[in-house]
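J.: According to Swiss-Prot, the record shows the following:
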COMPBIAS  24-36  compositional bias 'Polar residues'
COMPBIAS  38-55  compositional bias 'Basic and acidic residues'
REGION    1-55  region 'Disordered'
TRANSMEM  59-79  transmembrane segment
TRANSMEM  103-123  transmembrane segment
TRANSMEM  128-148  transmembrane segment
TRANSMEM  164-184  transmembrane segment
TRANSMEM  194-214  transmembrane segment
TRANSMEM  222-242  transmembrane segment
TRANSMEM  257-277  transmembrane segment
TRANSMEM  293-313  transmembrane segment
TRANSMEM  335-355  transmembrane segment
TRANSMEM  378-398  transmembrane segment
TRANSMEM  425-445  transmembrane segment
TRANSMEM  530-550  transmembrane segment
Amino acid sequence: MSDTARILGGPSASSSRDGGMELNSFTEVSQTNSRSHSTKEEEGQVDDQQRPAREEETGVLGGYKLVLVTIGLCFCIFCTSLDNTIVATAVPRITQQFHSLDDVGWYASAYLLTTCAVTLTFGRLYTFFPIKWVYLSALLIFELGSFICGITPSSLGLILGRAVAGLGGGGLLSGSLLIISQCVPSARRPAFSGFIMSIFAVASVIAPLMGGAFTDHVSWRWCFYINLPFGLVSAVVILFTFQHTKPVIQASLREKAVGLDPLGTATFLPGIVCLLLATQWGGAQYPWGDGRVVALFVLFGVLLVCFIGLQLWARERATVPPRLLRGRNIWGSALYGFCLNGAMFTFVYYLPIWFQAVQGASATESGIRNLPLVISNVVFAIISGVLVSMTGYLGPFMLLSAAMASISAGLLSTLQPSSGAGEWIGYQVLLGLSIGVGFQVPIFVVQTTLASTDIPTATALMTFIQLLGGAIFVSVAQNMFRNQLATDIRTVLPMLDPTAVINAGPTSLRGMYSGETLTTLVALYNDAVVHTFYLAIGLAAASFLAATVIQWRPLAKAVGE
């Protein structure tokens, strides 16, 4: 029997000497068992003995080793999440040094494009190769990209460095969640995964504050140098304390190459790049009807159809095995995470703009005013993780999170130039509560309800969908903001050039204008920012609808077992 044929299913199931499952037997067994499990799951008939979380758990850590691994993973997640937004407040200084105003969009998108593009590929790498070494390789690539960004003498070098860092970053969030799932029993995973995901959310919020502080007081290059010591600590900790070196599936190199789904990857990677470029360029750099934007959307559609067809044909060898999406808990969680993450990042990007433009805060002050969101997010992420572990239920937390997100988004959309601290502090606390309670739950779903052989791919899938939701809807919000502000300026202040006002940035308003003109511009900025919050309201409401399909059934494994 050829290697490729064996991948499609062997005659019997067997385990390797190292404890990993053979690829040829895995495919046949997973297809049969997962089909049976999915059917029963949809009917709500899966009992505790049948659930995959009853599998024997190995590699569990305790004591100081678990503490060290958790700290190391948090350092790594902190850095990779910082890179999503830290460059925003450093852009003016970077463009001034490199004389590269036309490259501004690439400073953020280069990292985002490569991160989203390779996340699913890392899911397959984590399936066929030891998690430890794949993770350390991704961390090395991320650190290399950060180093290039720090030392680069040109704008092109910065863009290339950001792209390289994104290649590594695409494997670090899902890898961190996989490592922690290997280190703790399934009953405790929600608590630990919740804490790690809270670090991701917190870093996304405070990144602009750190970027502004580095730019103002040291150098913008420290936005990237900061990753080096944190990454080194993470690498040392994982290298010496995490000893799980067995791949999920044992296979020959040729079988691994086929199992990595090269055809699917060849259509997926350029397809995602086309989608993200189209959403970032459309309405901002080029009109939506521009031939380049239309061509990108068309190419994305063609590549998406090809990718779906290849996934259906490849089945168990696919980047995303189709059976994973049959269970309503999985696709419901994916849709929920996509929408909730889009809402969250809309506020992460535009609340600081409201503080700076409407209330006259500096970049550093706006970061400080975001602390209610940061603190409440961390507190309730930890609390929700513990409560999920204690109660064993996921659905109620998703519904509560989405409902509170809808309410807090609605309240934030009522902000006015005259709004006091009590309003924006209270609304942010409520928003932090909603995000903290539910942001990480889609990861809980895949790590507590799927077989261990599916967890790497499913974790990468959920991570990718959440990142994609943030990337797409931030671009949509940006277009809504620019279009609304430009339209209002042309209508109310026709003597001003809307492009000049927008490009000057929110922190420059009070230095360029005064009197009645400034008062009017502040009101127009307020309206434009609030306009993006309407998008967040819709996304939060959509996440609530998605949460309603999640089954209210206790997790497979009770606490303490």
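Each residue's number is its place along the chain shown, starting with 1.
In case you wondered, yes, glycine gets a Cβ from its N, Cα and C as well.
Worth saying up front: this structure is predicted, and the values here are computed from it rather than measured.
Please situate the listed features within the shown structure.
T.: For the transmembrane segment (59-79), same-chain residues at least 6 beyond its ends with a Cβ under 8 Å from one of its own Cβ atoms are 139, 142, 146, 172-173, 176, 179-180, 182-185, 192, 195-196, 199-200, 202-203, 226-227, 230-231, 233-234, 236-238, 241-244.
Sequence-distant contacts of the transmembrane segment (128-148) (same chain, six or more residues past either end, CB-CB distance under 8 Å): 23, 76, 79-80, 83, 122, 157, 160-172, 175-176, 178-179, 182, 224-225, 227-228, 231-232, 234-235, 238-239, 242-249, 251, 256, 259-260, 456.
Through the fold, the transmembrane segment (164-184) approaches residues 59-61, 66, 69-70, 73, 76-77, 80-81, 83, 110-119, 121-123, 125-126, 131-132, 134-135, 137-146, 148-149, 192-193, 196-197, 200, 224, 227, 238, 242, 244, 443, 447, 455-456, 459-460, 463-464, 467 of its own chain, all at least 6 residues removed from its boundaries and within a Cβ separation under 8 Å.
Same-chain neighbours of the transmembrane segment (222-242): 61, 65, 68-69, 71-73, 75-76, 78-79, 82-83, 86-87, 90, 132, 135-136, 139-140, 142-143, 146-147, 149-150, 161, 165, 179, 182-183, 210-211, 214-215, counting only residues six or more beyond its ends whose CB sits under 8 Å from a CB of the stretch.
Sequence-remote contacts of a segment are chain residues at least 6 beyond its ends whose Cβ falls under 8 Å from one of its Cβ atoms, and for the transmembrane segment (257-277) they are 3-4, 7, 23, 109, 112-113, 116-118, 120-121, 124-125, 127-128, 249, 251, 296-297, 299-300, 303-304, 306-307, 310-311, 314, 317-319, 468, 471-472, 475.
Long-range Cβ contacts of the transmembrane segment (293-313) within its own chain (Cβ-Cβ under 8 Å, at least 6 residues beyond either end) map to 261, 263-264, 267-268, 270-272, 274-275, 277-278, 281-282, 286-287, 319-322.
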J.: Thinking of Cβ pairs under 8 Å, which stretch from 103-123, 335-355, 378-398, 425-445, 530-550 has the most of them with the transmembrane segment (194-214)?
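T.: Out of the listed stretches, 378-398 contacts the transmembrane segment (194-214) most.
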J.: As a test: from 103-123, 335-355, 378-398, pick the stretch that has the greatest number of Cβ pairs under 8 Å with the transmembrane segment (530-550).
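T.: By Cβ pairs under 8 Å, 335-355 leads among 103-123, 335-355, 378-398.
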J.: Cβ under 8 Å, sequence separation of at least 6 from the ends of the transmembrane segment (425-445): give me the contacting residues as numbers and ranges.
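T.: For the transmembrane segment (425-445), the far contacts come to 177, 189-190, 193-194, 196-198, 201, 329-330, 333-334, 336-337, 340-341, 344, 347, 351, 370, 372-385, 388, 394, 397-398, 400-405, 407-409, 411-412, 415, 459, 462-463, 465-466, 540, 543, 547, 550.
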J.: State the non-local partners of the transmembrane segment (335-355) in its own chain: residues 6+ outside its ends, Cβ under 8 Å from one of its Cβ atoms.
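T.: The answer is 85, 88, 201, 204-205, 208, 361, 363, 365-367, 369-370, 373, 398, 401-402, 405, 409, 412, 415, 428, 431, 435, 438-439, 441-442, 462, 465-470, 472-474, 477-478, 481, 506, 525-526, 529, 532-533, 535-537, 539-540, 542-543, 546-547, 550.
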